[in-house]
């Protein structure tokens, strides 16, 4: 596992031609940008957690049936500071760094005070997001770094706080049919009490010369107060239908007091997250147009979620499909000390790992508070999900299980916010490490898989065929790395309908396992 997950990656700054086996559809024209951790040590210092690694950006460009590849480390301020010092001097999620060990006591005290509300790293290693026509490497902090999608050069850093009062923001936005971008963040400081903020960046926000950040035209859609002032919910993504935004406020929380004292106490930011198994999960439903929350209060049992699959409206209901866990043990598995175990030892020592389960929650939007207690308010016939009115007028929701053992979900994005049938993802069975891809049919509840021995595929990305009408008319793209030194990394192209291999492009360079990405059509 260490050869795939824990080894340092390397750059391929100039494009290299991949060797194609099978065939790449001639209509597939564009660039798939991918992002993920790629550098786990600097000098003699090492990161503690896989999610700490310095961002390595990959691009796979498809043109006339051929594929070219290039990669570059994100030139974030974090990257530059670490390289200049030849050691890790900027703290990350699971690694607390102390850049000035020789400071006198007064300087150290001042540094501790400055870190009471941390100025987070700008190591944006999670995803590629678009605001207007600008592309950014992003993570879950107040900084994002603009990149050139062709050269992968780092253009410059943008601070959300210069445009909207946010300390944290997701790296999983939504895009509507007009090209507007919706995202969500957390405001820990500023006017008024702390809150969650949903915001929108218009499609035309970029200036023609691309010299001004698209975020200068950001618009706040609404805000949601914290349920507990000192313990905001962690969130990695959110749901969006045609008319509503859904925020899942889960009992996986950030302890603000611990965060404020983490630097002083010498503990990591990751240790400031806690899961309260006896608490409830709340579903906040906000009208996208008015910014107002619906009057019904929806809640369910305790869970942890990172990725939403899709959200849509159906017959007066809001259907929310997401990947859930029974606890927060997932993060612990990705500490480098665990990755360095051999696979059998890893599996044995983490046998209690909570596997991901794809669940469907159904929120009845037209529920009447006078509805009989204990009766199911869900009238849809294609799900066993339940919603029951409680004595206090709140609605208790119990999910339907769609599938077990899948993460990094993706869909045909033309069906985002709409009723859909298929989703794709990385299979997770014995361990959290993906070694298969799967296509799930939510109608039949059947699935089909792709796998190859010793191969680890990345998150599958769907690209629709030109003029496609059927939901699964297109291809699935996945970057695949192998623990077998005789197998080169390759870009896999699957027929999305049959899930059979159409072709693959072997990359004559080092490719590192990544997290998320974005396909940019050539016409854009």
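The count begins at 1 with the first shown residue.
Cβ coordinates are placed from backbone N, Cα and C, and glycine is handled just like the others.
In sequence order, 172, 236, 237, 322, 323, 407, 408, 409 make up the list of same-chain residues 6 or more apart from residue 307 (Fe cation binding site) whose Cβ falls under 8 Å from its Cβ. Annotated Fe cation binding site per TrEMBL: 172, 236, 307, 516, in sequence order.
Sequence-ordered, the extra residues of this chain that approach the Fe cation site, with Cβ no more than 8 Å from the Cβ center of 172, 236, 307, 516, are 126, 127, 170, 171, 237, 306, 308. Around residue 516 (Fe cation binding site), the same-chain residues six or more apart in sequence whose CB sits under 8 Å from its CB are 34, 35, 36, 126, 127, 128, 171, 172, 408, 459, listed in sequence order.
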